[in-house]
Amino acid sequence: MEEGAKIGREHEQQQQQHGRVNGSGRVAAVGGGSGGGGDEIEIEVAAAAGASPSRQHGGLHGDVQAPTWKRFLAHVGPGFVISIAYLDPSNLQTDLVAGSSHRYSLLWVLLFGFIFVLTVQSLAANLGIITGRHLAELCMGEYPKYVKYCLWLLAELGVIAATIPGVLGTALAYNMLLHIPFWAGVLACGACTFLILGLQGYGARKMEFTISVLMLVMATCFFMELGKVNPPAGGVIEGLFIPRPKGDYSTSDAVAMFGSLVVPHNLFLHSSLVLTRKMPYTSKGRKDASTFFLLENALALFIALLVNVAIVSISGTICANNLSFADTSTCSSLTLNSTYVLLKNILGKSSSTVYGVALLVSGQSCMVATSYAGQYIMQGFSGMRKCIIYLVAPCFTLLPSLIICSIGGTLRVHRIINIAAIVLSFVLPFALIPLIKFSSSCTNIGPYKNATSIIRIAWILSLVIIGINIYFFCTSFVAWLVHSDLPRVVNAIISSLVFPFMAAYIAALIYLAFRKVNLSDPFPTNSVSGEIEVQHIQIQEKQEDLGVHL
């Protein structure tokens, strides 16, 4: 017994010397016993995994030996939650306009855009896998006080802007299907979102499963519509693989479509969701996890791409036919609301009902996903406990969106969605640049740094998107200023405020791009997102190890 107690004390000293908690709530310990050999192992303690500590400990080695398809299925979920952002009412409206104005000639923009999205999202997923922290936590630990709080404010602003189209789309769908007032639809949308977010108490997988089902329902609805319209397969395939912009404003519309594909909250969300999975704390374990998450994300994005192609093809086929004067006028300025009327006039009431269901699912799933991202963003930047975040974050993101949409009403839906898109494009660089900086930092992720070619492609395409967004913002503002009916004095005052603001905006981006990453510990010592029974598991490990030696 004395020998056993001595071994136990030695093991406890090793735990105190080497044990630490990484950013995803995992206990990392350097084994120094007979079977340790200096290998690092990771014990999953994330609450969302839904397993007891003893089961999680036992699964470290058993999961690696499981069949490949089982390990892949264990990683399915985050990609589908991420893909919802590319099926929200804002993208739906953009696709409808692109199809009605240019038929199938801009489909290639979607294809290349989704390839870029897959690249960027894989960087976000790998960042979480390698560092054990999500993007918000890394920003909080890396940047000076005022910089990180500005990043937090901008990230929350992006979540609110991404939530607004979801609220509008859901409220419109309720009005189409149930003929209830717009404001009542807004309230119903908020209530349903709170209810679905309550599934977090049963684990992250339940939330991911719910959002995945909503995504598949939406895909089914639009594929049903596509079957009724029956677009020419040759024209769709040609538009998908051969860049041939046709018609007025085709170039600007293509640029706008590409620039709106990457959304900032997805970068925070993806780096967070990967931390809800059990992963062995080894080089092979990380490599396998990265591969599985990449394949899962590619599958989900492929489904999202098909749905977007279907939406463009539906509006492109309908508006290319011989229509009445009223329907032709509707096609010239297609919106979420007018599409319902157009489908009802041409394909019948059943078709418009299917569209209404798809819009409802699109808006509601968008609301849930963005609110979910807001929770991780607030947790990472504030350090508050999850139980508080679950209550505060949805109110912080949902209430402003609900108020804005209630005031705007149905007549301003198109304008509000456009303003929300501008805000998202404004916020995007402040999430995208830190992500690429962390992903390419040798001090932050060391030997697991992404390939140089991937980083270069990400930088080039990111600079293109940032340049597009800045260009459109400046040109839109100048056009508004030229055609404004305001007095010259007021225009001069507005200009004196906006242009210095844009100069400060560009200076902030340059600061983020050229600032050296100083965060050198790839396995953090403290992370609120994983404060789940860490001490209990450490004690349990000591007891189990002591029992083995005895």
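Every residue gets a Cβ built from N, Cα and C, even glycine.
Over in Swiss-Prot, the protein carries these features:
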REGION    1-37  region 'Disordered'
COMPBIAS  1-13  compositional bias 'Basic and acidic residues'
COMPBIAS  14-29  compositional bias 'Low complexity'
TRANSMEM  72-92  transmembrane segment
TRANSMEM  105-125  transmembrane segment
TRANSMEM  151-171  transmembrane segment
TRANSMEM  177-197  transmembrane segment
TRANSMEM  207-227  transmembrane segment
TRANSMEM  255-275  transmembrane segment
TRANSMEM  292-312  transmembrane segment
TRANSMEM  354-374  transmembrane segment
TRANSMEM  388-408  transmembrane segment
TRANSMEM  416-436  transmembrane segment
TRANSMEM  457-477  transmembrane segment
TRANSMEM  492-512  transmembrane segment
Item to check | Recorded stretch that, among 105-125, 177-197, 255-275, has the most CB pairs under 8 Å to the transmembrane segment (292-312) | outcome: 105-125
Checklist outcome for this item: Among 72-92, 105-125, 151-171, 177-197, 416-436, the stretch with the most Cβ pairs under 8 Å to the transmembrane segment (354-374) is 151-171
Checklist entry - What same-chain residues lie close to the transmembrane segment (255-275): Cβ under 8 Å, and 6 or more beyond its ends? => result 23-25, 46, 77-78, 81-82, 85-86, 90-91, 94, 98, 106, 109-110, 112-114, 116-117, 120-121, 124-125, 127-129, 132-136, 155, 158-159, 162, 204, 208, 289, 293, 297, 369-370, 372-374, 376-377, 380, 421, 424-425, 427-428, 430-432, 435, 465, 468-469, 472, 529-530
Checklist entry - Hey, would you say the transmembrane segment (207-227) packs against the transmembrane segment (151-171), going by three or more CB pairs under 8 A that are 6+ residues apart? => result no
Item to check | Contact between the transmembrane segment (105-125) and the transmembrane segment (416-436) (at least 3 Cβ pairs under 8 Å, separation 6+) | outcome: yes
